[in-house]
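Undergrad: Next up is a structure, given as structure tokens.
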Amino acid sequence: MSHLVKWNGRGEVVIEQICLDSVRIKEKMKEIVDENILNEDLKVKLISFIKEKKQFSFAELAYYHYIAFDGKNDKAIELLASGIELLILSADIFDDIEDKDNLQASWMKLDPSIATNAATALYTLSLQVIGSVSNHPKLLSLTLQYSLQSLQGQHVDLNLTASSESEYIEMIKLKSGSLVTLPSILGVYLATGEYNETVEEYSRYLGIVEQIANDHYGLYYPNYNDFKTRHTLAFNYLKNKFNQSSIDLLNFYAQENHMINNLEDLKGKLRESGVIQYLNVIKNLAVENFKESFKKLRLDEQRKNKLLIQLLRGI
């Protein structure tokens, strides 16, 4: 992770940065476990969990914000990004255990008590790593703040207490929005030593967008646990029973309808029910709210535009 400084021929300096190296982040995570976990069996299990990890989007969020706010210490942001991904991995494991989801993952094939202890070790190790990145104590306190907010959102989710669209959105802001906000805020704080309210605001909306994408994905996979528990924004829409397709889908997800026999039938019912259109509307509203909030970011225009492109990639 480094910077290239070039002249664009008009007397202006153009700053280019090499993208975050996900392979290096994964190796750094394994190094951290190897150096800090003494129990060999636990070490082997944690490293195997890390090897399964394929996405490093939270590390990217931290890195993009660090670079946008003129951070210059590549080793510091690499360590922070690795610590954040350890935290996210622990959160994924806890989430799978609590939801009884993602059964193909290696941690879901272990005794739940072993998997829970391993996830706790990962979470504790992540805090140790993040706390070691900088002398700023607030780096760790911000991590705890957003982790606690996300856990409260997860509590609402597990308790099945959200029943209206607005309650679901608030739950998503806490559960998913807090986890998206964490790396963005930490990246800025590591670069500047300051908390940025605008970054928190627009990151919450990014969290909503990500969760809606997960809900959309789950519609095509009946064994996806959130649909078995009937606790998603999509299911909240379907239970209004606006049409026969909605009723058919409710029965299908409850495994009481054998009329939907293949993916094409399922896609047809989803279109007819209106749930896909509904999720797209909610997602587009969140994207627009993100863009409006992002406009308030006080940053050099070149850096701001590059950050916007990076954050919107894949949305």
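Yeah, the Cβs are placed from backbone N, Cα and C, and that goes for glycine too.
Grabbed the feature section from Swiss-Prot, which reads as follows:
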{"type": "BINDING", "residues": "Asp95, Asp99", "note": "Mg(2+) 2 binding site"}
{"type": "BINDING", "residues": "Asp95, Asp99", "note": "Mg(2+) 1 binding site"}
Undergrad: Just counting, how many other CB atoms are there within 10 A of the CB of Asp95 (Mg(2+) 2 binding site)?
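TA: Asp95 (Mg(2+) 2 binding site): 18 neighbouring Cβ atoms within 10 Å.
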Undergrad: When DSSP states are folded down to helix, strand and coil, where does Asp99 (Mg(2+) 2 binding site) land?
TA: helix
Undergrad: Test of understanding: give the count of other CB atoms lying within 10 angstroms of the CB of Asp99 (Mg(2+) 2 binding site).
TA: 17
